[in-house]
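To start, the structure under review is shown below, and the notes come after it.
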Amino acid sequence: MLELKFVRNNPDIVGRALVNRNMGTELIDSLLEYDVAWRKCLTEGDSLKHKRNVVTREIAQLKKENKDTLSKINEMQDINNRIKEIDDKIRDYKSKINEIMLSIPNIPSETTPVGKDENDNPVVRVVGEKKKFTFTPKPHWEIGEALDILDFERGAKIAGQGFTVYKGLGAKLERALINFMLDVHTRQGYLEVFPPVLINEKAMTGTGQLPKFKEDMYLCCADGYYLAPTAEVPVTNLFMDEYMENLPVSLTAYTACFRREAGKHGQDTRGIIRQHQFNKVELVKFVKPETSYEELEKLTLDAEEILKLLKLPYRLVTLCTGDLGFSAAKTYDIEVWVPTQEKYREISSCSNFENFQARRANIRFRTPEGPQFVHTLNGSGLAVGRTVVAILENYQREDGSVEIPEVLRPYMGGVEEIREE
């Protein structure tokens, strides 16, 4: 969340940021209108309360002198009624201001390129060579079904479209990737945590999922809990309403993730690229403001390391303003090569939120000058299902079998390949 004082004093900067994000400036216009009315009511309320104090003293003096107090008591009643009206307006305006403030996205960093959509995302680097097949490669869903390691029909039978059952070596591959990723990241210095995946509304608001993305979340209506859309939410909120010590703090976590938007608008309706339930390993950092962009580079390299070890070709792009997430100031997307689609697909987003999430979640640290909000960062390290997609497609052989990347074999009990039985 932005600071109200900053928005009030810099409407042009905030308005330009919204325009660069392909948004209008109506939110800012409404906010400033409510802000003026709110502050006017505060001033009027203070004046009335001062007047009430004066009348209170006058009534006391009249009583002391045994004089009639009826007119002053009536005046006091009128003042109290007016104060109640003003206080109601103050609460109403403040509620409207808070609602708008929670709906204003972060301001893109100066190094975030201005652009309309993903077509304007500049490529930072390309790593690894795309495999040249001597045969026509098959899409991962055909491979998964032929090898009997992915069962889309039974997943749909149990829960509906957008859910998949992993079987046999498919399930083992998914589990192997989770353990492999966590081992790599803990060696990189991240502390592993295993958080809840049922999240309360306050925590969801703290990281920016609410109120904007409420329709994309799964809600347990009876209890008011949301299913975690990403481990970013519970891990970041571990320090909600706290002062942090010994920054930076680096955490990694595996969780199942749940999102309602899978397959929206007809995208990726086949396979496991977009699912309502999927596994992900997350990286989260809490850092001092002056080091946050250096830490973003480190976090991104830490996520990239997984693909390097798996020997999967990928590229790194910087998201432009029109493609930037709601809470982010700057984001790198890591995109893995998917041969049958002949394009790179996002497998991780690594973002610096500056103090946007910390202000919402009230996560601070102490300095000699006074409390400051920390900067938060996170990135997928990686999306596990999409890594399975990349392995099945990039490591497939002409006979239909799939080679297991060498670094995963110890996690697979020595299995070197998956082939049809």
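Here the Cβ of each residue, glycine as well, is placed from N, Cα and C on the backbone.
Some features that Swiss-Prot has for this protein:
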BINDING   Thr230, Ala231, Glu232, Glu282, Ser380  L-serine binding site
BINDING   Arg259, Arg260, Glu261, Glu346, Ile347, Ser348, Ser349  ATP binding site
Thr230 (L-serine binding site): nearby binding-site residues from Arg259, Arg260, Glu261, Glu346, Ile347, Ser348, Cα cut-off 10 Å: Arg259
Count of other CB atoms lying within 10 Å of the CB belonging to Arg259 (ATP binding site): 20
Binding-site residues clustered about Glu282 (L-serine binding site) [Cα within 10 Å; pool: Arg259, Arg260, Ser348]: Ser348
Cβ neighbour count (within 10 Å, all chains shown) around Thr230 (L-serine binding site): 22
Candidates Ala231, Glu232, Ser380 (binding-site residues) - the one closest to Glu346 (ATP binding site) by CA: Ser380
Cβ neighbour count (within 10 Å, all chains shown) around Glu282 (L-serine binding site): 31
Pairwise Cα distance for Glu232 (L-serine binding site)/Glu261 (ATP binding site) [Å, integer]: 18
Arg260 (ATP binding site) to Ser380 (L-serine binding site) - Cα separation in whole Å: 19
Those binding-site residues listed as Glu232, Glu346, and which of them has the most Cβ atoms within 10 Å of its own Cβ: Glu232
Conformational class of Glu232 (L-serine binding site) under the three-state DSSP mapping: helix
Longest CA-CA distance among Thr230, Ala231, Glu232, Glu282, Ser380, per record bound to L-serine, angstrom: 9
